[in-house]
């Protein structure tokens, strides 16, 4: 044969591309209520064989506690899956970074652990005040925000923009004092420390999705009812903590989203003000609060407590499309004679088929409850579904039937071993 016969076909002459290669998929763990559902524990379980764990939104206003080998770790900025020493932690563009807090947290958890190293890949919004998450997202939307890539580019230019932003904050908050030169000195000192950790996020994520097979995990911060668009506005956080925030906060397409795990506490809690239809402002709420040790990891505030509200969880499922659930803190209900579950809302004696967007309406809803028998026995030693008391099993099945989503894990304690896996 002639030499030309082995040459590639002319442009456009070969077989057509049948479709894009989807690549690896990411599994997502999201809160289905108002936060504090125990997402960190689920991430910790899944991260044991993960290659990469990611944060896509929020900042150090999130708080996750994970207990491994009787050691308690607190996470605010780092993905809690970083306890696995072979994992790469990816902090995406949607996250607000407070640099001093980041390094402080990394060092504190490294001392507690087995000396695992912290590798962070990030292109994120830069938080300049401790816990000033809202103002940072506001600055981002107003296009005056500061990004990690700006810090690592031209420091003179970064400094000028920092000064302008600081003056804006001072005019908005007259009592705010900012040592501009001192803060800039601190930020300059972080440049060399953070530089080796920073990559172009979109490119890095694309390579991770389309390289060798990888197990990639995304850890949502906050929860569905705190989402800036879908939460109980205005008592919400400043980011999208629903599944859409995964794509925009990491720079990846929706086709790469795999399993979406919703984390649901066996009852409901909320920090701060805002409507809370199933709240029990009585001895039931007090008992849930004390038994569940319901105090915020980040704020130190007592959480308000109430019965499980499935109207709210169903709403979270409508938005997120949960493929399975983790039901946490079931053991907290061990002492109750009977347990109520919210299954519908009425407003002015009429059933409302959806979760009301308006706060005033939400304050007026009457929750319609189903009453289930309690089990009045200790579940904390159960390690299989069959070891749970019959009424506890019925409680889990009731939740599955109401939501049409299977429960994959049940939490009956603080430790890693206390998560019962059903399938």
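The backbone N, Cα and C atoms fix where each Cβ goes, glycine too.
Note that this is a predicted model, so its numbers are computed, not measured.
Per TrEMBL, region 'Disordered' is recorded for 1-22.
Within 10 Å of the Cβ of residue 303 (substrate binding site) there are 21 other Cβ atoms, across all protein chains. Per TrEMBL, GTP binding site is recorded for 35-41, 63-65, 303, 329-331, 411-413.
Summarising the annotation, TrEMBL assigns IMP binding site to 36, 37, 38, 39, 61, 62, 63, 64, 129, 143, 222, 237, 301. Within 10 Å of the C-beta atom of residue 222 (IMP binding site) sit 30 other C-beta atoms, taking all shown protein chains into account.
Residues or ranges marked as Mg(2+) binding site in TrEMBL: 36, 63.
The active site, proton acceptor annotation in TrEMBL covers 36. All protein chains included, residue 36 (IMP binding site) registers 28 other Cβ atoms within 10 Å of its own Cβ.
The active site annotation in TrEMBL covers 140. Counting only same-chain residues six or more apart in sequence, the Cβ atoms lying under 8 angstroms from the Cβ of residue 140 (active site) belong to 125.
Positions annotated as substrate binding site by TrEMBL: 297, 298, 299, 300, 301, 302, 303. Sequence-distant neighbours of residue 302 (substrate binding site) (same chain, six or more apart, CB under 8 Å from its CB) are 289, 294, 295, 296, listed in sequence order.
Checking each of the binding-site residues (65, 299, 303, 412) against residue 222 (IMP binding site), the C-alpha distance stays within 10 Å for none of them. In this structure, the binding-site residues 35, 38, 63, 300 were compared by how many other Cβ atoms lie within 10 Å of their Cβ, and the smallest count belongs to 300. If you take the Cα of residue 330 (GTP binding site) and the Cα of residue 36 (IMP binding site), they are about 14 angstrom apart, rounded to a whole number. Non-local contacts of residue 41 (GTP binding site) by the CB criterion (under 8 A, 6+ apart in sequence, same chain) comprise 66, 326, 328, 411, 414, 416, 419. The local packing around residue 65 (GTP binding site), expressed as other Cβ atoms within 10 Å of its Cβ over all shown chains, amounts to 15. Local packing around the Cβ, expressed as the count of other Cβ atoms within 10 angstroms, is greatest for 61 among the binding-site residues 61, 299.
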